[in-house]
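Residues or ranges marked as transmembrane segment by TrEMBL: 45-63, 122-143, 180-202, 253-275, 395-417, 429-448, 469-488, 500-519, 551-572, 593-618, 624-646. Annotation comment: TrEMBL describes 53-278, 405-649 as domain 'Ion transport'.
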């Protein structure tokens, strides 16, 4: 009946508006049961469970064999790690796989089977699950003793497919690859030419004592190419040139030319090309997001205009204010936006809204989120008013910065004086006394600011929360120090009592004091602008950070499978050469290299992949792994990140420099709002054409 149809239209409008708020696609089923399932799937609880599942399956690598649950990563000295029994991590994996199966099933059903066959990500999702479950069954059949686990390499895909922004980033990277390939080819030519020059310059001679450069770095073509490739990363600089330079100073010209051309020109040219090709990526992505928002709002208007209560005599489609209010009450959206839209509706003199008026109402979603600080308390006493004026003034904050600087200087003086003293010779009386004085001042400053501003206004400023939290922690540590060791006095020396010695307590207090000195940043205009811009960028670059995690994780797992067991510890080899079994690794501690890389997942991530410099120490086939890592992480990925960082920073810098400085208002911007002034609004024809192409929505006109 009419009532059931109206309820369906209301629910459709609610979902379309929520899609617009979250920049989601509206191409999904719109019948009553599907709408309920859709809202349940995108509820906070369901999405939180999915995020937790992804986190758990990625974290399994830290406890799976080889386990990372050890204090030290050095295989020579660490105790045997705890390895979970067979079936424990596999059970957790199975639970995660079941969640993913439900996830892909719901997604596939909601978009419809016709759309499913067009969606490559969903098909890859199902294929990944099939391979992972097959590998899981094989693992159990071998009682968890197999060395190769394909499903571990595939785990980052679950993180990747869950983020639409990460998918867009990958698509943009894929479109940038042809331009990057030309510069990488130029780098390869550069390396090849200088490799041939090096083999000619450092050829073997009759004097074996003068052939150190040839023996160590340029013995043959692969070694020569590897040595110069590592020099391009500056990892073996200046070690690679020392033997030749010792023989003849003129050889330094070769290495200087190679470094200048490779590092200063070609690598920076690569950055420029990537920036030029990639700088429009975010703008295109935000333009697409804006289109999705406008399309979702227009879809909501179209279904609401189909309600039976809409006047039949209306020449053009319109929506009643009552119906929109009913939709807004059930829609999950920011309270600020909802209240602003409702205020606009109450001020509206007409009962019906046209498409343009309806769209204009929801432009509130595009506006900056404004945080206004609570007012200061009003005191009746004339004395309290003077106190409020004095301690609420900016100069009182400047005085606090001067005191913090004096505290830092005093700590530096004491540290320089005690640098060469033995622990038994130190007298911590002076340092303890000045710490006590400054901490009392910080406490007094915090209380006076609360008196002047009021507690709510004081806590509304992030700098005050940071300042107050550190002050409270410092006060607690100081009270604990006095309770254990007494008040500072001459001859106040460290003793071990409980978990920390007196010196440890004093050092902890001083580290927090140094950290507290960051309070000066908000008082320095351009420094505050740079820092806040960078913090906003960090929050808005989660897609890039996610892909970075994917790359690290995949290479870490691959490295464990390729090089596990290649290093065998022979006990304490601190003062002697160490030779290790395996056909690949032959390492001498005298060469000052990074070893023990692939003992377990944590060491792999933290050390080995960052220190790809040790590429020249391993056999030839293994170099492919390290060179691939260097190309993806350093050459391509870092430059892409720099390009996006520059684009974001320039836009945010320009916007904030143009904005007037208002002390009581903070603007909270997102990436979508950052480019708001340069985006193009979609036309009426574009929106209606897209709506008529909706696979599940039949419009009345």
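Glycine is treated like the rest: Cβ placed from N, Cα and C.
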May I ask you to check whether the transmembrane segment (180-202) and the transmembrane segment (253-275) make contact, with contact taken as at least three Cβ pairs under 8 Å and only pairs 6 or more apart in sequence counted?
yes
On average, what pLDDT score does this prediction assign to the domain 'Ion transport' (405-649)?
68
Where among 45-63, 122-143, 395-417, 624-646 do we find the most Cβ pairs under 8 Å to the transmembrane segment (429-448)?
395-417
Using a Cβ cut-off of under 8 Å, list the residues of the same chain at least 6 residues beyond the transmembrane segment (122-143) that approach it.
86-87, 90, 93-94, 97, 100-101, 104, 107-108, 111, 116, 149-151, 154, 157-158, 161
Within the same chain, where does the transmembrane segment (253-275) have neighbours whose Cβ lies under 8 angstroms from its own Cβ atoms, ignoring anything closer than 6 residues to its ends? I mean 6 or more beyond.
176, 179-180, 182-184, 186-187, 190-191, 194, 197-198, 201, 228, 231-232, 234, 237, 240-241, 244, 635-636, 639-640, 642-643, 646-647
